[in-house]
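S.K.: Pulled these features from TrEMBL for this protein:
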| type | residues | note |
| --- | --- | --- |
| DOMAIN | 714-780 | domain 'CBS' |
| REGION | 1-27 | region 'Disordered' |
| TRANSMEM | 89-112 | transmembrane segment |
| TRANSMEM | 133-162 | transmembrane segment |
| TRANSMEM | 182-203 | transmembrane segment |
| TRANSMEM | 284-303 | transmembrane segment |
| TRANSMEM | 336-356 | transmembrane segment |
| TRANSMEM | 462-492 | transmembrane segment |
| TRANSMEM | 545-562 | transmembrane segment |
Amino acid sequence: MEEHSNQYAEAAVPQTMQETGAEERDPESIALHQPLLLKRNRTLSSTPLAMVGAKVSHIESLDYEINENDLFMHDWRSRTKVQVLQYVFLKWILAFLVGLLTGIIATLINLATENIAGYKLLAAVSFIEKERYLMGFIFIAGVNLLLTASASVLCVCFAPTAAGPGIPEIKAYLNGVDTPNMFGATIMIVKIFGSIGAVSAGLDLGKEGPLVHIGSCIASLLGQGGPDNYRIKWGWLRYFNNDCDQRDIITCGAASGVCAAFRAPVGGVLFALEEVATWWRSALLWRTFFSTAIVVVVLRAFIQICNSGECGLFGKGGLIMFDVSTVTVTYHAWDIIPVAVIGIIGGVWGSMYNYLLDKILRLYSLINQKGKVHKLLLSLTVSLFTSACLYGLPFLVECTPCNSSLSESVCPTNEGSGNYKKFNCPDGHYNDLATLLLATNDDAVRNIFSTNTSAEYRPLSLLIFFVLYCILGLFTLGIAVPSGLFLPIILMGSAYGRLLGIAMQSYTSIDQGLFAVLGAASLMAGSMRMTISLCVIFLELTNNLLLLPITMIVLLISKTVGDSFNPSIYEIILHLKGLPFLEAHPEPWMRNLTVGELADAKPPVVTLRGIEKVDRIVEVLRNTTHNGFPVVEEVVPPMGLAVGATEVHGLILRAHLVQVLKKKWFLREKRRTEEWEVREKFTSVELAEREAKIEEVAVTRDEMEMYVDLHPLTNRTPYTVMEGMSVAKAMVLFRQVGLRHLLIVPKYEASGVPPLVGILTRQDLIAYNILNAFPHLTKSAGREKGN
């Protein structure tokens, strides 16, 4: 865990949570010194769906900072030009493999979902054509229940963290939070097959979020050489056995996942930059773009194969692509009014959707914590309700006569994709609501986005579709299956966008299909609060650059309106999961507090000396769970300095201390070691390992009296700040550099003044924790928020 990372007060949680917390305390409370303040639970729900009131597990941070000890410096100096070129070349090879594998897996998922859902719907329609309506419902509900049960059982029994979208956890990981059990092989396999089952079952969710998670899992597995139990120990992989390079490759995986979902390479790169990545640089930009380019090439190759009819029903569907390049997009100055209106609606409803989803996820958390059976029953209940609505609601609307300009092969039809589903209508008529509901999710998007179809959908059908998908979108996300947020929000937004287009068709020349596109964009910006990446994704989806100006206006308005009410949906989920995510901008009231004052509210620092006794190291490791310990040592006093004065030599990590004990690198006398001695005993690969635990190490009584020279393994250049620095400035430094520890040194050197004031970690910089430690700041924060 973090070094002295205090959680300043207990979270306001249900009584069940408080009872659980009494038994499952934050392990950092077991310290050498009793903490001065209560600790808020620094936890992540073991179920990614039920955040509040669920069983919890403790979270650590990642070591993005380069540990410049003697061993690292020697390893770096001894690298030849060939090894440096090999390191760079392997980065590009990994980026290529991430794109290739993500594209292949995304294609297989699309093939499976399109064919399973397509043949399921065709079989249900065959019952309807024979007027066996009850059998049609029993069939479609039974198949959907079976598919949902398979996806839910996989998540509940084998990989609970595979449920949900996965994007909030990836965002937290790239922010520096070691989200547990998120990138393993089991997680990836469950995510793949769970997504196929959940999407094929007709649930109101998409495969976009799961594809981002799958891409990140692929990247993580490639970077570390495979699963933990079967990791490849190739020498060249040692270059990537660190959190910093893992962060870069997972960023490529997240971008590749978005690209695979929308066939939007530039949009995928911008999504990684705008939404998930905390740390960015130009070299990473190029590798990420290279990965997404490989994804697009793979998808295009498979699409050409499938267009020949060798992929079942996948030929005309499977990937969202709304091509309006042949449509003439015309708009005038007065069209800014309906565009602004749709942006305002998207911001208001997006923030309302986030608020309601927050409440429902909290309710689901109480259900999910009751056990696996309750999670499974909740998923099956939502599936049955969804099947009843999708199958039954089209019977409530009247049939619409086909346009005389359309051929009989186009309207009506019950075969595969199409805009005019016959359903239960007589010849020459179609059911517009069935066209939207009894279709695969990708086909539903294409149908509602269709242009030059101003009379195809009735307002009542669009209203029913909008209300239904609002309800399903709220109640589907929290169940125990892999789920994505993009597609439900696109369908909701396109419905009210098309309704607004119908209402304003006499005042504007913008096509109703384009209104649907703008509605989807507005709701995504209003809920997810993304702008640039969404703009490019929609341009790549629609394949028409003329939409750029009005799309930009809609996104800017929606995000501005939504930000005035509540955070984005991903930030809400991060908060519910208890992930200590550092925001990009510190709170204004953080300027009124210094890091020295923050350190004073913490227990005294646990330090080690440069040459330390083994029993002291064992005592510290067994009685604390801190991740890093400052190393201080006495200095020869110059003129004017008191005898016994100390200085900070650096910071040593817990994992390195465990390695010292495990390797029995002990000295019988108190002396400093030579550089060759440490190189003979340790390698940089061994020091990169983080799995060893103090409980696995046995130390004899005689060894307890020996000494360890910590100088060669100590990071001699940790980041330090003066005690007078504001918390706001420290938070910016902490986030942008990707730190795990920040040492605070005194402003003045004087006799009797310790060389170290304290240490800050991620938990110390979370606004909630600070406000609980310093209640007098609460009023100031409230006034600033009100202003």
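Note: Cβ is positioned from N, Cα and C throughout, glycine not excepted.
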S.K.: The transmembrane segment (462-492): which same-chain residues, six or more beyond its ends, come within Cβ distance under 8 Å?
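M.R.: For the transmembrane segment (462-492), the far contacts come to 47, 49-50, 148, 151-152, 155-156, 160, 162-167, 190-191, 194-195, 197-198, 203-211, 213, 261, 349-350, 353, 356-357, 360-361, 364-365, 368, 375-376, 378-379, 382, 385-386, 389, 393, 396-397, 433, 436-437, 441, 444-445, 448, 498-499, 502, 520, 523-524, 527-528, 569.
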S.K.: What parts of the chain pack near the transmembrane segment (336-356), using Cβ distances under 8 Å and only residues at least 6 beyond its ends?
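M.R.: That would be 470, 473-474, 489, 492-493, 496-497, 500, 504, 507-508, 510, 515, 518-519, 521-528, 550, 553-562, 564-569, 572.
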S.K.: Per DSSP, how many helix, strand and coil residues does the domain 'CBS' (714-780) have?
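M.R.: Tallying H, G and I as helix, E and B as strand, the rest coil: 27 helix, 12 strand, 28 coil.
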S.K.: Over the domain 'CBS' (714-780), what is the model's average pLDDT?
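M.R.: 83, rounded to a whole number.
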